[in-house]
């Protein structure tokens, strides 16, 4: 008592005894109250010595205050006494307990206000990274952003990757910044172009909204007054630093442009965070054993990513935080009341539910409880094993001793299998007759997934999946077999709460394997009880202990000890669960099967099994029995009608057999899959790492379950010799080898499994391709290998094993056909075979090896070898090696003798590419960062066009290398090319649309390539002009080619087995052969012009090769094109000469010939109508469908869709403004206007205006964010417009609108001085282009052309309706000399005075007065001058 009484002495003790317990009460505090308080504090595990000082009292009050709302009256009295004692220590004059409590609230409130004010002041002083400061002259100047702040921002973006943390990080770093500083921060993260584009859209939309709500004042500004900021001024694009400072700091109505801009950025960041972190706040729930602190961290991290107002976020915090907590924490949080702060919640829920908290409370209870209760605890613990129902003994799988299980074993963990003792596998994989012990239930010996036939749990690869049990387990249990046929399974996805009957009372209980005792609340049990105190959630509780209480759960009864007391949750502990025979089961391979279906309308394969030899049958039987034991396949009965044939081949060693299944028929019928990994990783793209490990996943496919509904389609049959017994039928439970879906499903499953490990171990670089894993890191070797073991354990938990024999720890590492060393890599050793006789299959394998070696060995060539196997040949056909192929093969052998190595990628250095031409149209290239240290090499021999030249092939090589670089390293290299800038630009000026190439700088490296001849761009003065032409008959293959000159010279030759194209080229060859050193050649063939004008230097066509040889002999050649049938003298003359006796024309039946003729000559509609006897509207439609007769500026090679209702739309920029341009592809008609922002809303509004003026069915745009926005999709859906996008790397797909952009800008520059605003100049330029500039076929303007095209389309549509209608009629007619009616004939055309009919293959023209037209209603009789039906001709 002396220690307790020493809390107060002297005057303080006198003051203590003067304070009343309650206002107006006669009772006062005495010394005994201090003694009582000291003992109570010991009960709550608090130090009584803290009562001696005011600071100690404050600590006690802070510790006890959270429990007041749920505490007992005794706790409230203790807290009141400590409050009074605190006032006495501080010498506050109080009269009773109520005044003491009031005094405490006042003091604590004033402290909080002072602390908050202090924090606010310090935050204002230290929070602004870029304050606007006043200089010595009193002017407000800007303090520039510091590199340290900028570096912190860049590092945050790279590490957080737009997670919710990036928003408070941005707000902290940009505190006090103006728009200029914020734009500097955004420019520093320019590598994230996709995210910045989203941010740009938000800024544009907010700027437009600002301009709408803050219109500029009308009229000029007063002198000396600075304008009000617009939306673009706030964004910093059209304002200066001084203006931003003035708007922020001006005394009258300041506008904090920096803060406004920060709000816009935060809106954009919220949008990006939502994209990068798509988890909803509703999905954040606390796990059963998750600490409350971790749950709160996840909750607020996701809350920051929610795009909601602050009021909504406050509501989420008040409701969802409590609602989604686990039941243990939720019970405590609800007891705190609705006004609890986050601090109070975290203090109250600290350690709740975790095993650490329970262990600490239990230890304190055992240390402080009275001695007579210790026996009670001992009795509780000794209750295990005393249950009369429990049979058998517990045996440890680790040490082999009885009395405990392996989890509680104190002996060292035994390596290897717990059953047979061998290393290399675990007990679950042991094949010595028993299954994994975790899958055996204590009460029946059945596997966990075989307990109940109604379970829907997916079958693991190690489970047989059938319903047959082993005979061993059946005989071992005896009578209990009937009780365990179908035991209940309780999953742990949610809290395991069941209904139990305890002492005859029904109640909801929680099955808690972490609790020793069974504790219930609000239940009256019969019999004697004894008092007991146990440690629980929130402290100690007093309970009543009943013995031998009957507990019934799921139909099974057990008697045991039950405690009754004020527990928040009814708990069934291990003392009852053990008696019930309840066990925890861990299923292997929890991978969810991927749903798979057959193609619509198809059924499974039903292919008969072909005969097999006896040794193959025996081998397949043994293999399938082993697979069945491992659960990979299951036996099936005759109810499955499907079958796939199987066979067996010997492995490479020649001793073991391998089972193969012919899944070709099933693959045809299975749905299509998307390959989630389109290529293999390349070692040149790996970064050099200090530690490297290579792993291989064993039985990769057989570790992934197959969709249970699809398994029946994988059925196969093992036949018997001489059909002695029915065949044994099986189906697959796992992914089969050879099935088309196995690679995609395995890759997808493997990626999902590795994702959490990648997130938890960012230091590791994991490259995954199928079952091969490369793991590299810069960690020390010991730490790296620890991480590897964690990875192997992680994979093992999901059912994937990593065999030790394929676990490579030391270099060199064999991976994906490569050999990896610490500082270099190469391909694995390649041996080229020496053969006297080569087959097609041998050549194919040889070319594959050489192509594989070419990625690191320079100069590998295979062109001559590829020539050997051209055409359709059998794989076993013998191929003699040509002299060139033998020489090429020997050169490759010599190159492969010298070892060559590549190096690893260094991100901080630039990529360079060297390209060389090897001769024979073969190219090689090397990609490197340092000279003579190649990352990758390669070759190029493919020829996309039949006629090409070195410049065009070089462009194709650049394109190939660029795409490889983007795939492997994610960026473009710099090129060193064997060409001069002048040679390149000479060809590229006209052929810029032939292919895509990236931006690159010219570094010419010898030997240089060049153009061997050049076509002149203007006619050659004084040179003779040759008009050339050719014609061929498609049926007879006969043709003519020739030329005429303006001097009267002409030459015509006859051709056999030719085509129109060959005849046209032969005519040009004749002109070149017969002309002098300089010549002008005129052709009407677009095909011939396209071939020759691309200046090829080699060609697969013999005629083109001869033309190239003739061109190299000439000094100057001018080649041009004119349209056919335009009355051009020389062209018309040669056309008649070569067409004589060649062409044949039929009316209407000759539409195909007319289209072919137009593709060749591009004649106008009048010429087509005259030559082929077509109606004008039909001839005009042929013209309208030809892109070359309407489009100006299109690429020389390639065409675009020129249907009458197709438009191309694009955005271009001029004078800092955005111009949106729409071009009618078929006519070149333009619609354009200036838009305020390049957003989806503005683009969609422009599209709707366009659709309101013209018929628009299809639009073609690029992949810009404004065109791919949801607003644009909605506009296209509403207007029923099909939206097509451009092809990446192919600007020709947007060639029409790109050319029109250039022309429109040219016209704008011509009329710009006539307009004050750009938008006015744009409309003036559109008017000039559409109605003041003529050109093209017929000399139309674009406006006239679009009207003519649309009118012709309407006429053609009506004409087609008439033609289809006319085909429904039959005609009876008579000749002038024969009065007998003939027919019926088919009606082809009905004119004003005559009809065209077809009778028995002959086409005739009959006057209307001698023809009777009737509808075909079946067999009808025709009378003289009368119709067989009442239908008139007008119908």
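Each residue, glycine too, has its Cβ placed from N, Cα and C.
Small disclaimer: the values here were computed from a predicted structure and weren't measured.
Here Swiss-Prot flags 212-232, 455-480 as region 'Disordered'. The site 'Cis/trans isomerization of proline peptide bond' annotation in Swiss-Prot covers 219, 220. Feature annotation from Swiss-Prot assigns domain 'Peptidase A2' to 507-576. The feature site 'Essential for RT p66/p51 heterodimerization' is assigned by Swiss-Prot to 986, 999, with similarity to another entry given as support. What Swiss-Prot lists as domain 'RNase H type-1' is 1020-1143.
Same-chain residues lying 6+ beyond the ends of the region 'Disordered' (212-232) with a Cβ under 8 Å from its Cβ atoms: 206, 238-239, 243, 246-247, 255, 257. Under the three-state DSSP scheme, residue 219 (site 'Cis/trans isomerization of proline peptide bond') falls in the coil class. Secondary structure by DSSP for the domain 'Peptidase A2' (507-576): 3 helix, 41 strand, 26 coil. Residues in the domain 'RNase H type-1' (1020-1143) partition by DSSP class (helix H, G, I; strand E, B; coil) as 46 helix, 36 strand, 42 coil. Around the Cβ of residue 219 (site 'Cis/trans isomerization of proline peptide bond'), a 10 Å sphere holds 6 further Cβ atoms from the protein chains shown. Neighbours of residue 220 (site 'Cis/trans isomerization of proline peptide bond'), defined as other CB atoms within 10 A of its CB across all chains, total 7.
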